[in-house]
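What TrEMBL records for this protein:
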- 1-51: region 'Disordered' (REGION)
- 74-98: region 'Disordered' (REGION)
- 79-90: compositional bias 'Polar residues' (COMPBIAS)
- 140-173: repeat 'TPR' (REPEAT)
- 208-241: repeat 'TPR' (REPEAT)
- 410-415: domain 'Serine/threonine specific protein phosphatases' (DOMAIN)
Amino acid sequence: MVDKRTPGGPLVAPCTALRQPASPPAPRAPDKHFDASGSGRVQDPPAFGRASKPRVQFSSIFVRERLVLLSPRRPEHNPTASLNFLESPTPSHPEPRSWNPLATPGAPAVPPYRRTVSHFHEILYLNADIDIMASAVDQALALKNDGNKAFAAHDWPKAIDLYTKAIELNDKEPTFFLNRAQANIKSEAYGYAIADATKAIELNPKLVKAYFRRAIAYSAILKPKDALSDFRECTKLDPNNKDAKVKLAECQKLVRQLNFFAAIELQDEPSAAEGLDLDAMAIEPDYDGVKLGDEMTQEFIDDMIERFKNGKKIHKKYVYQIVIAAKKLVYDEPTMVEMKVPEDIQLTVCGDTHGQYFDLLELFRLNGRPTDKHWYLFNGDFVDRGSWSTEIALLLYAYKWLRPHGMFLNRGNHETDDMNKVYGFEGECKAKYNERVFKLFSESFSALPLATLIGDKYLVLHGGLFSDDKVTLDDIRKLDRHAQRQPGQAGLMMEMLWTDPQTAPGRGPSKRGVGMQFGPDVTKRFCDNNGLDAIIRSHEVRMDGYEEEHGGKCITVFSAPKYCDQTENRGAYINIGSDYKLQFNQFDAVPHPDIKPMAYANSSLMSMM
């Protein structure tokens, strides 16, 4: 009701106004419109060419002494309410009223709609031409669809978040868990993927895709025996599933291979360098690259960089020389290298590069190549997944040979035999060179230091912290990595290569299914007990290339942009000067030849990662 006699007067009025004598008809007033502000006022329509505030459709009804308006407009204090009401002032409550929610909070936004409303025996009845409340099931489905869009855009964290919100609204739909399992696989959160697939199976024991995805996740963490059971269930439920049959056969082959490798590991094999007579190896006259003598040169490195860019290889003799020389250098270093940054030196810390050779060259283009005044620390995972892993490993090893005190290399969880046999590096070595090259690399990887201490301020290690608060820097110093060549499933070495941070305090199970996770309180205690400013680690994709976590005491850096050609992340690196301040830098992926990631992987099992 509008009091036409009072321009700009209240839109709603006390019901007693209806008992006033009828007035003679007045001339038609100019059109008015509701300004959607919640103030209960009207205003003249805007002049032509001026923007109007949004109009809102509403219904009105008398409830005792009050006129109540119903509208889908959203008050600022409750922007998610679907249906709201505005009461008229009354003699006992003359102050202006505001919109309040009538429908259940959390309902999705609905457009203005036509409705009728009536009041009978304290019940408000509405008849409308659409549903005014979307159910939790509908909302969950909408969130799942948005998650699918994020997944298609390779934004795995956003997809996981949307699937999680859908599950919070409807935890009885198995496909929500199934989709989140796949996003977790893409994020390398294989432990979470296994849990999600298991939940989907509980909800629908005949859901073939759930068994399939759980099997893929088991394979990724090198538990092929568990994967075998799920692949068998896939073929049992769907006998015509050719993909499941192929994966089952490959999984059986992987089980045999890993059993064989485990048996060999128990034996004390001689070094792959034994019996290798480098002096007797001749360089063919048609070799068109720079020759390498007994010492590494910058000229050789520059030529090698260009050869690799052009799809060429270096001679096998030079490969042997580089790997053997680098192995000797890193073997003689302590398990935790301790270094200072001199006054005129810049140190760059890089995270995972994962065989993305052309992106590494882009990093060098932007930040400068290693020199006597520009040192580098690469924090593990040089190899696997990307299809230029030998090129990266040889380049880093060549720089280590040329400048042993300016190139620092930490071991990552992918500088290990079992990962290399599955994720591509072994296959790449055999395809480009031979099996002996892989064995030499394997020996060199087991000789790599596990951590670097920068200026007594930053501990740099690939994975993260420990399951025991009592572990100190001295425990790392004392760790005999040469007596334990492979990390195994427990212990300090495994934790240094595999663990991840979490937002919750304390410790928790690993999202990967290997190792564990540590909270901000764990990080703070470790830093306080060891006099550190922070730990710097890698091991995980970060969409911005880096992330400061745990109140700045846990820093993740990842240097493989557009990881595996699938994740739309940037790469990053950290520059540190003699003042030990951290300067974060980001970079983007560059084009590379048309060779897909995992091109040399053990089997198509890994193509699902």
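Glycine residues also receive a Cβ, built from the backbone N, Cα and C atoms like all the rest.
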Residues from the same chain, set at least six apart from the ends of the domain 'Serine/threonine specific protein phosphatases' (410-415), whose C-beta lies under 8 A from its own: 352, 354, 377-385, 423, 425, 445, 448-452, 460-463, 487, 497-498, 538-539
Segment confidence, the domain 'Serine/threonine specific protein phosphatases' (410-415), expressed as mean pLDDT: 98
Secondary structure composition of the repeat 'TPR' (208-241) [DSSP: H/G/I, E/B, coil]: 27 helix, 0 strand, 7 coil
